[in-house]
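Among the features that TrEMBL reports, compositional bias 'Basic residues' is placed at 1-15. As annotated by TrEMBL, region 'Disordered' applies to 1-59, 411-552, 588-615, 656-712, 1110-1170. Feature annotation from TrEMBL assigns compositional bias 'Polar residues' to 25-41. The compositional bias 'Basic and acidic residues' annotation in TrEMBL covers 44-59, 493-507, 1119-1159. According to TrEMBL, the feature domain 'Bms1-type G' maps to 73-237. Among the features that TrEMBL reports, compositional bias 'Acidic residues' is placed at 455-481, 508-533, 603-615, 664-691.
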Amino acid sequence: MEDKTHKAHNKKKGGKKEAKAENKFTNSKKSSNPRAFTFQSAGRAEKTARRNNDNDQKKLHVPMVDRTPIESPPVVIAVVGPPNSGKSTLIRSLVKRYTKHNLAEIKGPITVVSGKKRRLTFMECANDMNSMIDVAKIADLVLLTIDASFGFEMETFEFLNILQSHGFPKVMGVLTHLDKFRNNKALRLTKKKLKHRFWTEIYEGAKLFYLSGIINGKYPNMEIQNLSRFISVMKFRPLLWRNTHPYVVADRVEDLTDPELIHRKPNCDRTVTLYGYLRGTNLKPNMRVHIPGAGDHVLADVSVLPDPCPLPDKERKRLDEKYKLIYAPMSDVGGVMYDKDAVYINVPGHFTKKSAYAPAEEQNGQEQENEEEEELPYGQGEKMVMDLQDASDTFADQLADSELRIFSNSAPVRAGDITEQVQDDDEDDEKISISESVEQDDQGRTRRRAVFGDADPEFDEDDEDDEDEDEMMESGEESDADVPQRGTALSKFDTRNIRKKGEKEDKEDAEAEDIQFADSDSEFGLSDDEEMINVDGRLRRQTDSDDDEDEDLAGELRWKADLKQKATSLFHNHRRVNLMSLIYNKPELSPEDIASGNYNEKEESDESENEEEEEFFKLKYENNDKAVEIIDSSRQQPDVDNLEVWEDEDTLDSIRNRFITGETGEDGDEKLEGEEEEVFGDFEDLEDEDANGSSKQAEEEEKEQDPVEAERERIAKRKEQLKKKFNEEFEDEDEGPKMDFYETKKAEIEKQLIMNRAEFENDDSNTRALVEGYRPGSYVRLLIKEMPAEFIQNFDPTYPVLVGGLLTSEDQFGLVQVRIKRHRWHRKILKTNDPLIFSMGWRRFQSIPIYSLDDGTRNRMLKYTPEHMHCLATFYGPVHIPNTGFCAVQSVADNKTSSFRICATGVVVDIAQASEIVKKLKLTGTPYKVFKNTAFIKDMFTSSLEVAKFEGASIRTVSGIRGQVKKALPKPEGHFRATFEDRILMSDIVFLRAWYPIKPRKFYNPVTSLLLSTKSDWKGMRLTGQVRREQDLRAPQNVDSVYKPIERKERRFNTLKVPKSLQSELPFAAKPKQAKPQSKPTYLAKRAVVMEPEEKKIYTLMQQLNTLRNEKSRKRKIKDTERREVNEKKKAKVEEKTAEMDKERRKDYFRKESKREIAMSKSSKFSKKK
């Protein structure tokens, strides 16, 4: 079946179908209607076009500078979720997928190489408010683990709100514990419900992964593979705060404090080094940083280290096994674990190099090694231990073998000889001492030898043998001195000093062999100007004549002539001049030398001086800042004597035409042109002869032309230049594609970024670090001094350590005004002067805000935050630029509260050193003397000084009569005279409406959670209510604030009296219509009514009928009431019987259901046992 070949498909060339297919296009083209596919309605087409444009504009965002370096730092992936939601299992599965490494424990950042150009750093976020806030500030991608069997928890929504305040990164959801669902329908409905709720919080279409179950402690491979592929190809947009600040996520912490100092003073400040990848922007040396949870610090030193988890060295099609690296110092990966004060190397099994075996072991295991060479999987710790086995000598032996050569041709001085000589001198001076040497004789008996100080216990026959061997070696060297060691047919070179392959080159031994016991050139009869050169294997003196006879050398040696000068010239010609290093690093050079290019001559002269001194060592003294005063040549220092020249009017007139206010006439222009020609002269291109010739011809033609024609040509050229300049500024370029505003801004940002990179491209690393700082993407070591001892003593790697760089303005403190809104899920409203914990920028701190509302003229203080709207808040704290987001909580302690912990969010509005918040104040008083429009007021002020402060203030009565404070009265203290629009009454209350300024309290308490043994137990200033509740105190009551019942006397107003003269003149409609009460009784009131007999009979009959009707209705109501009571009793009996029957029915039903469930559980257990 495998060898069977398949026939190739032959395309049909004829038939009905082929003809139909050929004619299909032509027929449709003939019958096509051009109006059939156009829009039918212009309004609908306009709506469609508008909708498409709106959708295009929604996709756009504010262009930002992408400061991601070429070799970007690892992407920070934070795994966040409530407890027991599968965070650790997810990290282990992803690390296993990327590196095939099983993690025993997860502590601190874990960096892996995920691809050819990408690395990932996994971090597990603890269920702690401090950790959630810190992780939200540094995460590039968030994996939200959600327990599908339980649903969303409050921690998830709290973390999402924190993300919204500090810049929203990429978020992906991961549903876990799906294996707990036994019903597929319930699983499908749960997935759908959680997905739509997740989309509501993130955005429509957010990615949500489903992890079905756990196999061998990890999630299924295919599901993890899909998740890892999404992570590997994901693109990240730079966030505003991280794009303007440098920061380091520490993956390793070490304590460098002197152990003796710690022993004497355990709680002393420590010197700590933090290691990690630099992210964000460039980090400047000596920059001020903030560690959330540990406070502000200054970087004492910054150094770049080799990348511990590098990318593959070159472009590869696939990632090999050896490039799948993992770097997790705190998680005990690779056999190396970095603790707070030590490094532990765990070497499991037997890791010993072959060179470290004994000879017998090498012979026994040689056959097995030849048959099969097994490579052990060495980790980082195993490699470090096995590298220690390569050391042939100890450090003391290497120091003893070290040499020092003062002159180039002198004999070396060995450290061992000096120490032996010093020891011999010391032994001669010391008294004879006795020591003990334990030995074992032939019979196996242990004997203790007494060794005296003047005796040499190591001297034995072996030393004599060694001396004989040394003599033989010396004689052998002398006999073989004339025999070349390698090569026999060499004509021009003597190769007896050429080392063999595999031997180490020992330059000192070679010199000691040729030149014995020579301390200087004078012992050979050489002068200072003479040198020894090796020609044809013989040493000869080099004189001045040798320089002239370079041409007489053999062809093989001519290339050696003036080799040093050639190399020097080539180096200086191809080297780029670094003006910054010349100006700042070499103060001995003057600006004139740098401008003229004489700095190389000084370097060469210094080199020649060093050569003439025969490489003699010089002491290098550090530069004393006080002794050497470096002048900033970029600023010209004016001389006072030279400034006196400009007091002369003639001197000022000589440069007056150089300014706009000078003469602009023809004489002035001619004078300027003449001066410019004198100063600058004519520029000529000396290299281009044709151009020079053409320019000369043009000048001759201009001379021959008419001056009027020459002037016209000059004006035309000028107009052409102006037109070209105008077109460049205001017209679109026809050459390139037309770009809109958004694309133009992006192109400008990209162009500026390329210019910035090209500016420092050829500079060395030190210069770049001084000017632009250390670039992101590098692995740095940060040295911080005066760190609190609790940071090291209570260090926990499960909590992130973030080092955030502070800008110059963020190091200052002042009053910060923010726009704040209480979170709609927070149960309680916020009260003024209640402390809040703010997370703003890198910092977490506690402060006391004052809430206010701007009514257009002033900021009025609010006692509480308003419902469902923003207000202003002012507090004392570190200054941040406007539009910086923040969130606020009332407590970061793990108090197991069931309410939503994020109490408020907002942004920074303004930064001010002073606040203008006012509080309404009402002062009341009562009049005690009332005149026509004037009254004397009391009980409003207590002194005449207060009255003087409020002179001219507007006052008002309760009835609405306006007035003004005039002047204080002399005798009753605090009384004053006031004028009103109308006469007021003695019963009126006068009040003055004033505004009292409120100043926020200067309270700043940083959250130092990393200094505690239990990180979630940090407690700041407590609320007043909490203090009273804990101490069982009641709120104090002010007597004046207690509400009292108001007793108001009934007022009686006099009737309105209109004079009769005025009433007569008024029209009838305006005349008062009030009738006067009769003083005498009227006729109707006085008369008596006597009924006639017929009327009396009718009145009596009507009364009798009404009496009968009322009696019948009374009896009817009594019977109805009795009948109603009997019916209600019957209904109550029926309802009681029905309730009893329902109760018995329920009991029977639940009894049967419980028996059925017990039977099912027993049957399932029996089936499992089988």
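A Cβ is built for glycine as well, from the same backbone N, Cα and C atoms used for every other residue.
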Checking distant contacts: for the compositional bias 'Basic and acidic residues' (44-59), what same-chain residues at least six beyond its ends satisfy Cβ-Cβ under 8 A? none
Averaged pLDDT score, the domain 'Bms1-type G' (73-237): 90
Per DSSP, what is the helix/strand/coil residue tally across the region 'Disordered' (1110-1170)? 60 helix, 0 strand, 1 coil
Going by DSSP, how much of the compositional bias 'Basic and acidic residues' (44-59) is helix, how much is strand and how much is coil, in residues? 16 helix, 0 strand, 0 coil
